[in-house]
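Engineer: Quick one: the structure is below, and I'll ask about it shortly.
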């Protein structure tokens, strides 16, 4: 053993150090409060401690009609003044009414002014000037806080949309408007509120049933282990039952097609051809034609003949595939610790995801407040230009564009760091993909090394190393970090390109250029195929690295040509393995899911009293089913890696050894018998 792909290892370490530095810089400049707290028109946080807005946790919009969609309210800056308030308004009031009655109803003015700009206390100021300068809203509407923002308190009464049981309101500009003017906002908000209500109920269900969900997942783990152990004895039986079942079903299909073909004989119109009747929207018309059933019968006969011929000519390779599956079950039985290695991979990937997400948030909130001119007049030449709120009132903008304001727009900056925020986000995403692929590669190489030590042991299990999994992990880290990083780098580049293509496709969805859409579709398809191919090559390259300790390119080349020399065996083994593992996943998820269904619906009399009372029984049920499938997938991914490793070792064994005393086979006795050898030669110790 020696260190492989040292240059890539050094680059990988440098990139990790740079990634850490990027996280530190983002942490210094970023401020996640910009995501947590709403921001008013002056760039101040609502509800932030030790500020004038400490007790004002809710954002209030002067004119909610200017931003009817809640998506706009949450993600974009609405073209109206935004103010931090301690509570949302609970009544209909217009500024005109308040101004007319403030002398003999001071309480009404005191209530209304809390929704005006801080410090404003001039009820005698003309309505036109107040609305022009947006000192106060023209009206306030009964609202309720949602996502720390004041939304109109919509409700329905006898199928009619209302706000505080009213269907109309005064807009403060001399007009009476119907609340249906807010229908777009009402629909979006009510959908979100309904989702929140459902979310609360789902959370309650999880709080009550989490204990039983864990029990279900534990049962799934036990069933997965039993299935892997039993594959040693049942792999062949399951496969042949399935194959003969398919042959039987196709045979019945052939008989049924012939029966329909013969039954339609002599019926008027049944001898017409598909060409004669043309295209019909009612496809049952075609079932009245003898030609249709004849075509079905020919297709099924062809499929039956192909399957039977494949079984005849590939029977020996199928036996080898089944023997390797049984050998894989035996290998896992000797190295049980490998079944729990996916937990290590899961932890590494979770750390990568957490670091990426935190860094992305800090990068996204790294800017300083940027203010822009918000003008009511569309022809104002200063609209959307940056401004300084402290000096804005002394400029000519307010004179040339009456009602214009210097309003907070977003967070950004003009420094070098702020100019390259987007590049830093791309780098963050790229290194994240690289690290995730490296964690997966490390797991594959570690498992491959452990299972290879089993195959190449002369006497099993006596010659298997004491701690094969830990030894393999140490070798992978000590000698092959560079090679694993190299393979992960290639895959990360392709995945980043796919992400960029998806982004471009999303942005260009509305375009009418069919050629652009066609080109993007072709590129996405090509890079998807390339990613699948690279994953296949990388997986087998890591196995060869674990066996021989060579660099990535050499291992990938040797693995590729070794597989090409055994391409039929590869295809047969791949399909047989995929079928049995898919059957196992469905068996585990389906079996545990059925048990969970009967339990959570209280249909098991013995333990019906133990079942919790739920709002939605499907919440824990789906969690158990999906969780069971993922648990089974975790265990079976180890098994798939074991079978792939043993297969490459088997192919190497056949090419390097001949079964003689000098070059004995290392394969099991069952594989040796399938190859037609009379007796397994003694192996060297």
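Placement of Cβ uses the backbone N, Cα and C atoms for every residue, glycine included.
No curator has checked TrEMBL annotations; they are predicted automatically.
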Engineer: For which of the residue intervals 579-600, 645-666 does TrEMBL record transmembrane segment?
Structural biologist: 579-600
Engineer: For the transmembrane segment entry in TrEMBL, name the matching range from 184-208, 259-283, 334-358.
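Structural biologist: Matching range for transmembrane segment: 334-358.
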Engineer: Select from 402-426, 477-501, 502-526, 527-551 the stretch of residues annotated by TrEMBL as transmembrane segment.
Structural biologist: 477-501
Engineer: Is the count of Cβ pairs under 8 Å between the transmembrane segment (579-600) and the transmembrane segment (293-314), pairs 6 or more apart in sequence, 3 or more?
Structural biologist: no
